[in-house]
Amino acid sequence: MKQFGLVFRYSFRERLRSKSFTLTIYIAAVLLAALIFLPKVLQSDGGESVDGTVAVVNKTDLALTPESLAQGVSPSYAWKLVEPSGEAEARAQLAKDDDSLLGLAAIEEKDGKPVLSLTVNKLDDAPYAEALGTYVQGVYTASELGKLTLDPAQKERVTAALQLDVQELKAGSKSALVMYLPVYLITFMLYLLIYLFGGNVAVSVSVEKSSRIKEILITKVKPEQLLFGKVFGVGLAGLLQFVLILGIGYGMLLASGSGGALDLFGFTVDFSMLGAKTIALLVLFFILGYFFYAALFAACGSLVSRSEEVNGMILPVSVIMMGGFLVALISLGSPDGSLAVVSSYIPFATPFTMFVRVGMTEPTWTEILVPTLILLASTGIACWISAKIYQVGVLLYGQKPTPKLIYKALRSTM
């Protein structure tokens, strides 16, 4: 254990002192600041901005004003009333397609009924069309009722809106619509950090091997202690970096006055919806996922003679890891589906798909415990196999690590 402690402390300190450790935190802080504060700055720039101007030609006696249209249809647009004589000029302005006018709405009466004609350059320019039609219909109905000899109670009954009462049987359950963005962003961050920290282990092993430091260490420290000391040392530094980045992000969210919610150009990402249980499981899956993949990355790093060869050697593990991540992204659409459930029991995908399931649904403790135990056992097996490969790989210089050579070397260590 003394030898393990020496390697652990050395790896931990070296990782903390590295420029990449500090640089990663700085870059993450800048990106988080841009993500949190930039949308607020852009949205507040210029005061109450609107998406564009919509001209309305009212050829009826309906009482329409720019203020009533903004309130009844959408305040996101500037509503401009145009006299019938100015309709041709407005159409010419719209045809220029210079964004000075988004649409032209003409309201007229045919056969005693209102007709709304909307002209736009592209259908995408008219998301307000349905709301405008509903509002004009409401104004017309109110106008016609005013011409009838009805008492207020009768008018109220005729214009009464349908009362919708929604009863939630599973009160407090997670909404897939609300949880999608927070879970997506954190799953991506989980994948990125595990890949970066695991890759750091492989690079660290290869650098020490290429500098022949391993030849000295291997005579003083057992290979498995050397492997686990490095994996745990870099892992603890990575976990510290992970917590620091989360803390910086949370502090910026509080400083922005948004609480636990992030406003991304109209899309609200509320991280406070995750809850303590989900956060605790996130940390658990990060730790297990890191050790599982870091052991594999370390074994790959020990098989190369130069650090330049690391990327090619870790490619198979990287592809498998990316596959697990992509399965998790697909599972976001159906976190209770067969793909999500089955893949959560496959160790290569467990850290990602299990977080998706925990973040978006309410799996039972058995459904959480069994995949976690499988991942834990698989991590132990991966560490054992990696230790054997590491024991052989650190002594391979100038030889291409073919599967046959690795197999023979592994047999000699068993």
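Along the chain as shown, residues are numbered 1 onward.
The backbone N, Cα and C atoms fix where each Cβ goes, glycine too.
TrEMBL: automatically predicted annotations, no manual curation.
Database features (TrEMBL):
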DOMAIN    19-386  domain 'ABC-2 type transporter transmembrane'
TRANSMEM  21-38  transmembrane segment
TRANSMEM  183-207  transmembrane segment
TRANSMEM  227-254  transmembrane segment
TRANSMEM  274-300  transmembrane segment
TRANSMEM  312-332  transmembrane segment
TRANSMEM  338-356  transmembrane segment
TRANSMEM  368-387  transmembrane segment
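Note: the stretches the transmembrane segment (274-300) and the transmembrane segment (368-387) are in contact (3+ CB pairs below 8 A, sequence gap of 6 or more). Contact between the transmembrane segment (183-207) and the transmembrane segment (368-387) does not hold: fewer than three of their C-beta pairs are under 8 Å, each pair 6 or more apart in sequence. Outside the transmembrane segment (368-387), and at least 6 residues removed from its termini, the chain residues within Cβ reach (under 8 Å) are 223-224, 227-228, 231, 281, 284-285, 288-289, 291-292, 295-296, 298-299, 344-345, 347, 350-351, 354, 358.
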